[in-house]
Amino acid sequence: MSELTTKTIAELRDGIGAGDFSAREVAEAYNAAVVAGRSLNAYTVETPELALAAAEAADKARAAGELKPLSGVPLGIKDLFATEGVDSTSGSNILKGFKPTYESTVSGKLKAAGAGMLGKLNMDEFAMGSSNETSAYGPVISPWKRNDGGNAALTPGGSSGGSAAAVSAGLAAGVTGTDTGGSIRQPAAFTGICGIKPTYGRCSRWGIVAFASSLDQAGPMAKTVRDCAILLEAMTGFDPKDATSLDLPVPNWEAGLSSDLKGKKVGIPIEYRIDGVPSEIDALWDKGVEWLRDAGAEPVKISLPYTKYALPTYYIIAPAEASSNLARYDGVRYGLREAPEGGNLDAMYAATRAAGFGAEVRRRIMIGTYVLSAGFYDAYFTKAQKVRTLIKRDFRDAFAECDFILTPTAPSAAFGLQEKMSDPLAMYLNDVFAVPASLAGLPAMSVPGGLDGQGLPLGLHLIGKELDEQGVLNAALAIEERAGFTARPQRWW
Amino acid sequence: MSEYRIKGETGEWEVVIGLEVHAQVVSNAKLFSGAATAFGAEPNTQVSLVDAAMPGMLPVPNKECIRQAVRTGLALDAVINRWSRFDRKNYFYADLPQGYQISQLYHPLVGPGEVEILLDDKDENSVKQIGIERIHVEQDAGKLMHDQHPTMSYVDLNRSGVALMEIVSRPDMRSPAEAGAYLRKLRSILRYVGSCDGNMEEGSMRADVNVSVRKPGDEFGTRTETKNVNSVRFVMAVIEHEARRQIELIEEGGKVAQETRLYDPDKNATRSLRSKEDAHDYRYFPDPDLLPLELTEDFIADCKASLPELPDDKRKRYEGVGVTPYNASVLTAEVETARWFDALLEAGAEPKQGANWVVAELFGALNRRSETLATTGISPQEAAELLKLVADGTLSGTLGKQVFEIMLETGDAPSKIVEERGLKQTSDTGAIDAEIDKILAANADKVAEYKSGKVQLFGFFVGQVMKAMAGKANPGVVNERLRAKLD
């Protein structure tokens, strides 16, 4: 592994700026790492030529004294983002071969900031999954192994599993992820990296394939808190093409980074002590509280009483929206078409969607269709919307007493492939800590806290007030500085 | 107008009618995309990525479409909801790229309002108010073409995403004529407002017709809904046909099924499309891609200020300056007519005479010549000039008609025609006296008869003088001079 691929984005940026190395060297190192890392199955498409082209532009820009914020930084882009002229399939057979004529706002902003694209990152099909096992391209293998001498293949988490594996294995300096109910934060925790989901509306959803529109948010994943701040600045901003985009200026988050938390209060939700969560995770949580106290914050107990309904609420609202969002994949205009001989339009729909969607996507379309159906709508969907409002109120009340909230990111460390595929409910439980912030649209971040007894990373989770990404980043920075998490997976691939 | 009743085997039946009118909003762009909306363009040339529902595309409301719907609501005296929301109506069809139509079920943009119709054009007291329940805004679907390929249907998405207003009436109409009057009045208001061109042939306005029957005084019967009827005449035919079908069915011991029907103009019949049991479950839910629409008072005030004078106000204004109720109603029915007449008044025409002339003379001539106000070369200013020449005696009534005919033919201004053809009426007593003397001399026998008491011969002398002067003599002067010479 090249020295260059271990550097942070801040280091790459500064090194290219200072002339310590060229952007081309960086791109070549990463292109080589991507090829060497193929056994992880992190990328669905490799675009070394795009990474090189951006690097050449960066080197020219440097010569001309016109470096941009991300000049020469090679990134991986989750396959959920439409990228112009490059396969964008959302991990699904139904979009196999689909090359958009357009570029998503977020990936476009990153490119405009000078970043190069190494390729498209594997993911759970349409972002539905927590282990990257629902992908039509097969699962991503985590670069991490347990220290038990066994060689079990582990999940990097999901749905942004390719994104997480790529950063953690040094196959990208940083990546985009999307988070609907934890899809950035849980994989970040499983692979020992940082990932932030900003306030709903900060990142434009234009050009990102929709899973659940009221929950979907893009965000960065990277090695460090600072790198996340750098990427987040480049990704966010008002977009008139997204009616839910926030028309607010983009804060200078990197410049605002400070781990001095004097005068801040960190909320510890009493309801988040959940049966069955390993004691190591509770212990890390306690350690996290101490780190934040050390940084000057005062811990306070808070209550989020409706949290226990968050997961069932999420699994009504998200599938409901998905069942409608995915109706456009019908074989009429693009993507897969299966037209049985002599069949009518309905037969084409049925055959196309049966062949194109995997089991988990079909399950969620059916759940979503059911909860929106006449006679069930009020009992499920309306009720879920009401609970969602109560969950938002929980947070509003809690933030009257604290500035940010600390919880574990996930209820376990990374698990083995196949371990949970036969039990969807166990799989859904992975997002129990992540989902409430999604339902409330709040900024939330996972930062590595340490390793468990099996040598696997565990993450700590910070939830902030609406629009207070800075508060979340600063608290995460305080933990990062104190946790001293430097572990990287042993290279076996 | 007497009450409309249908005679059945078991007595008289009353028809209950409600209309859902889909009116295409006049706007250069679609409801949620920037694509153009021209009618008759080549297939799939007016389609954006959003209209084709490409992956990751998002709808953004077009303010102009919302403005037009609010203006329409204000013109119908309707409640404008400060807070409304878009919902998705989910179903699969090849002309519906998203797999759902963005519409407004739960919280429409416009609430209750009303439309005033005249049951009898000539009787201004025959008004009836037809209630509007709501107006909501929604996307139109694309179009399937089944005649392009032996085994496949083609899809044209030009219309996909075009903004529609669905104007839902209350079940307040009781006859085909009332439904016709309502539709015509609604279309007139939409055209005044400029929010819909009302072209039913091009499909920019179409109606779903809800019909039920009952014995007068009974509860409402079960209704059927006949979809997508595209002319006033067809709407009236559907009501008649559907009412009779339902009455026969009930009188034979059957029951009306709540169902959706289609009208076949060639057979003048409706047929069942789907029953209530087969009805789609549309799984409406709030569209999470769109925030609720919140209107400011300023926006609504601007919409209000932009409204033109509406037909009812205009009619009352015309009546106030002496125009007969019938003429006022004819002149205000179509916005083009009203604008023309307003320009005529502006150019100085006297309202009552002007209205009479437009309704009787101008419309008669245009009808005869298969022309319209838009195609004729006569401008309101020239018409006003003509009327003035008649009113001030420069032209006699007869000459006026001649000049008008020449105007229709040549498009020339009346002053030019009068000048060039020497059609000006004369009040020159010298010339008139000379002609009178000639006529009296040539008809000495008739003069004797007149003087002996046959006074009805006076008209004969007037006619002879006018004829001799080719109609150009001022009839008043001729009368006066003749009396002076004969009496």
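Just so it is clear, glycine is given a Cβ too, placed from its N, Cα and C backbone atoms.
Database features, via TrEMBL:
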DOMAIN    A:31-473  domain 'Amidase'
ACT_SITE  A:Lys78  active site, charge relay system
ACT_SITE  A:Ser159  active site, charge relay system
ACT_SITE  A:Ser183  active site, acyl-ester intermediate
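Features per TrEMBL, on structure.
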{"residue": "A:Lys78", "record": "active site, charge relay system", "CB count, 10 Å": "34"}
{"residue": "A:Ser159", "record": "active site, charge relay system", "CB count, 10 Å": "35"}
{"residue": "A:Ser183", "record": "active site, acyl-ester intermediate", "CB count, 10 Å": "37"}
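Mapped onto three states, the DSSP output places the residue listed as 'active site, acyl-ester intermediate' in coil. Here the domain 'Amidase' (A:31-473) returns a mean pLDDT of 97 for the predicted model. Note: the CA-CA distance between A:Ser159 (active site, charge relay system) and A:Ser183 (active site, acyl-ester intermediate) rounds to 5 Å. Under the three-state DSSP scheme, A:Lys78 (active site, charge relay system) falls in the strand class.
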